[in-house]
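Structure first, commentary second.
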Amino acid sequence: MRSCPPSTPPSRPPEMLPALLLQAVEQAFNAVLVTDGADNDHRIVYANPAMCAMSGYAAHELLGHNARMLQGPQTSREVIAELRSCLAEGRFFKGSTFNYRKDGTPYLLEWNISPVRDPSGRITHFVSVQQNLSALASAQASSDIFARALDATDDGVLICNHRGLIEFANQGYEKITGLRASELIGRPPVASYPGGHDAAWQAALWARLRAGQAVRELSTYRRADGSEVHCEESITPLRNREAQVTHSVSIVRDVTARVLSDRAFREQMQHDGLTGTLTRTSGELHLANAVAQARALATPLALALVDVDRFKQVNDRFGHPAGDQALSAVARALRSCLRTSDKIIRWGGEEFLLFMPGCDLAGALATLERCRHAVRDACAALLPLPVTISAGVGVLGDGQELAQAIERIDQLLYRAKQEGRDQVRAVDIGNG
Ligand SMILES: Nc1nc2c(ncn2[C@@H]2O[C@H](COP(=O)(O)OP(=O)(O)OP(=O)(O)O)[C@@H](O)[C@H]2O)c(=O)[nH]1
């Protein structure tokens, strides 16, 4: 039994095909050029409207001529040589080079040329389908220029899509983060910088961007090598033609040097130059925080006012510079007896206020007794005269005003002085 292959009926009768093909080629988006394949000069026998539009020639100006009329100085000799050898051998050709419009402007084109054979296999024509790549090439060139321009700045430039994933990072951003673009692209900034912002921050950021707000902020990232980098970031929403926010663009500036020097300056301003203790202004802020924390956590906060005894004598007998040295030795000795959470404020000339979070009265008293001995020992190595301290110590009572508590330990200090100096007086301030 003979089997017939399944066949789909042609959509149009075969006699209508030439008309349909002509219609299709005439209306094709791509340029189509047909040249004579038998004739050695390959004269143009057909050019569709797209070909005419691309070259700027009317069809009758092209017909009968060799397509070399479209070539010019920028036309690649190598590509044309390759084209000729393909045509001579009846092979398919694909290539790209410059041709010239009638008005002399060059355009970059890509073309495919196929031989057209008659039923006996003889080449009768060549059909060339051409596409103008100039717009694509100039878009590519512009995007290359933009990418190079973005790389020319030291600032980081980061583009994230609406899912918060990185789509572009310039060299500046690579330098700031210590990560390569290939490690960044397709990942959320959060995942790239574990020391950076978390997912909740990203969500809040996108809510603001979608509302059309730009965001400026100071962020601290951890670089690939573990070091910290402080950045000033300016994040702007990027909208498409329909005004939807599709991307965010961040300009990221490394301000680490400035942040560190500001921090060092602030540190310096917070500390007294001679003794290294907190200045009264910065110390009072630390103390206020400690009071708030003690109240919030219901933990004790011990306070002590320490004054150097008869310090005027030190200055008078040994001079002010020696007095300075002794004062700084006193501060070092006090420090050596305290925990890191305890702080010393230079309250007045040779008077210090100590505060000890989490320390009860017995602990504070014991600490101040250690301080008393440490000061005497430290200064014994410096001066032939014993340098001692007197102190009033207490623990801040529930609901007691700080000023009231300080006044109370000041009275204790006064009593210590009155009763012979070189001693510590303690009382439960709240109850005393
Ligand atoms: N060298 C030096 N002396 C200081 C400094 N600040 C304050 N003094 C001195 O400390 C002395 C304090 O003297 P007084 O207030 O009379 O008290 P005192 O002599 O310590 O006597 P009592 O406190 O009653 O034991 C003064 O002579 C101040 O000049 C400082 O930074 N350096």
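Placement of Cβ uses the backbone N, Cα and C atoms for every residue, glycine included.
For 17-90 (among others), the entry in TrEMBL reads domain 'PAS'.
Look at TrEMBL and you will find 91-145 (among others) tagged as domain 'PAC'.
Helix, strand and coil content of the domain 'PAS' (142-193), in residues and according to DSSP, is 26 helix, 10 strand, 16 coil. Annotation source TrEMBL lists domain 'PAS' at 142-193 (among others).
Assigned with DSSP, the residues of the domain 'PAC' (214-267) fall into helix, strand and coil as follows: 12 helix, 30 strand, 12 coil. The annotation domain 'PAC' is assigned in TrEMBL to 214-267 (among others).
Taken from TrEMBL, the feature domain 'GGDEF' covers 299-429.
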Arithmetic mean of per-residue pLDDT over the domain 'PAC' (214-267): 88
